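**Q** First the structure, which I've put down as structure tokens, then a few questions once you've had a look.
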Amino acid sequence: MVKGRAKVVFTCEKCGFESLKWLGRCTECSAYNSFTETVKVAERTVGSSGGESARQNRAALSSNKPESIARISSENFKRIPVPIGEFERVMGGGIVPGSLTLISGDPGIGKSTLLLQVTAALAESIGKVLYVSAEESANQIKLRAERLGLAPENLYLLAETNLNLILDHIEHLKPALVVVDSIQTVYLTHKERQEEDLSLGFGASGFESLGAEINSAAGSVTQVRECAATLMRLSKKLHLPVFLVGHVTKEGNIAGPRVLEHMVDCVLYLEGDRFHQYRLLRGVKNRFGSTNEVGVFEMRGEGMAEVTNPSQVFLEERQKGAPGSAVAVTMEGTRPILVEVQGLCSQCYTQMPRRTTNGIDMNRLLMLSAVLSKRCGLGLGNQDVYVNVVGGLKITEPAADLSITAAIASSYREAEIDSNTVLIGEIGLSGEVRMVSQLERRLAEAAKLGFTRAIYPKSAHSNGRDLKLPEGFKGVPVATLAEALDKALADSGNARRHKPNAPQEKEISPSYTQFDEYGNELEKELEVSELGDF
């Protein structure tokens, strides 16, 4: 290859857009102060748009010649079973050979711990597994493995940041699975990558069509894209499952170019509150399975423990008979999970009432508060409203609307909700209760945990729907939010603190007239001690 002259470009760290001059704001993704300087050396075989690199990727993934899909064998692509059931559920029933999986999450959430447990479990069944850490030393990983009680003979540790050397070790070790922790901390150079592509069997065509030299630092847009592309070609060529650990930005998005998420086969998010022990592993992209699955783990001193019955765990400390407590049935993929939703209303002593949430979207709370005030007559204009989802879980589906509004109304009226009742339904702006998906499965899970009563949308019995209730289960279909609150709070014997259909009026103290020494009239509120003299 013949090298051209060096060219300086500026690359957006958020989206990978390139510009010949520095820009304060990216014209593609509108990010501010995201451009970094990159030196590129043009090659004879590479166009200015980088088209040859894309053709090289396609050539590396393609067969020697076109084949009929009916003649291609899939026997060697059976899924690899994972001994950790919750992880296997999210992966769609196992790990597909040749798949490239990206797992991301907040710092300290447990990504490395979970993958170390997965690799240790797989090392016992599939053979050699290579765990590459570009952030920790091998001794540090060993200490964590000892704390978790993991020491399989077939688990190999490698502390290295140079991807070219990592590829060398993969070629000599020939592992059955590779983990790279993390993709933002490894780097690749152009010359070394040429040699590694040849050693991996990509051939002279791959050598001749490589792009420009990579002079940027690890974690840059170019490095993340090229390192991921190299590992993708390795994974597809050798049918080797590869797991990548990804960092996240302040906004919670995966750091690096968006093309990284498009390039991999699976994208997993490990989420949860760092101050709670529960973690949810959620699949947002899966080319080989459903993205509607979620795995629940509990962070303990000995590592991540599977939670096979999360509903029972999230409800075990629930205080029955307390105002402001309601039970919601949410769907995490195909799994129903019962969680406690707490609401609290307190008198506001400032000009602007507060709305605070933990576990639900703030805009959702504002909308539901407006519906309660307008359609149900709750005077929330002078009330601070707080909503909390117990256990650090995050609820995004609208099926929890009815339980959220019931918890707020229960606290406002100081009336408890029956402890054996669950509430399921979406709330519209007109105050109607709308139908939700998989209602029968939600009710079956509630009955399994001992609940005997459910308030749900009346439309579940209309339009030809035949809702089957569990045996011994009482269903209360409702059409409006006001009707649902009456049914939910009707059994309470507590006196209601506020009028249900009128906002609370502010009490006005009586006053009397006084004059100062200059004859000016003064206004003074009566004190309690002065009422007898007035």
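Heads up, the Cβ atoms here are built off N, Cα and C, so glycines get one too.
Note that TrEMBL annotation is computational and uncurated.
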**Q** From the ranges 195-199, 285-289, 450-454, pick the one that TrEMBL records as motif 'RadA KNRFG motif'.
**A** 285-289
**Q** Is it possible to get the count of other C-beta atoms within 10 angstroms of the C-beta of Gly105 (ATP binding site)?
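**A** Within a 10 Å radius of the Cβ of Gly105 (ATP binding site) lie 24 other Cβ atoms.
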**Q** Near the Cβ of Lys111 (ATP binding site), how many other Cβ atoms are there if near means within 10 Å?
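**A** That number is 24.
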**Q** With DSSP as the yardstick, break the motif 'RadA KNRFG motif' (285-289) down into helix, strand and coil residue counts.
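**A** The motif 'RadA KNRFG motif' (285-289) comes out at 0 helix, 2 strand, 3 coil.
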**Q** By a 10 A CB contact count over all chains shown, which of the binding-site residues listed here is most packed: Pro107, Ser112?
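**A** Most Cβ neighbours within 10 Å: Ser112.
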**Q** Would you list the other residues of this chain near ATP - those whose C-beta lies within 8 angstroms of the C-beta centroid of Gly105, Asp106, Pro107, Gly108, Ile109, Gly110, Lys111, Ser112 - in sequence order?
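**A** Counting only non-site residues, the set is Leu270.
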**Q** Which ones in the same chain are close to Asp106 (ATP binding site), with CB under 8 Å and 6+ residues apart in sequence?
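**A** Spatial neighbours, sequence-distant, of Asp106 (ATP binding site): Val248, Gly252, Glu271, Arg274.
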**Q** Taking Gly108, Gly110 as the binding-site residues to compare, which has the smallest set of other Cβ atoms within 10 Å?
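**A** Each of the binding-site residues Gly108, Gly110 was scored; lowest Cβ tally within 10 Å is Gly108.
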**Q** Which residues, sitting 6 or more apart from Ile109 (ATP binding site) on the same chain, put a CB under 8 Å from its CB?
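**A** The list for Ile109 (ATP binding site) reads Leu270, Glu271, Gly272, Arg274, Arg279, given in order along the sequence.
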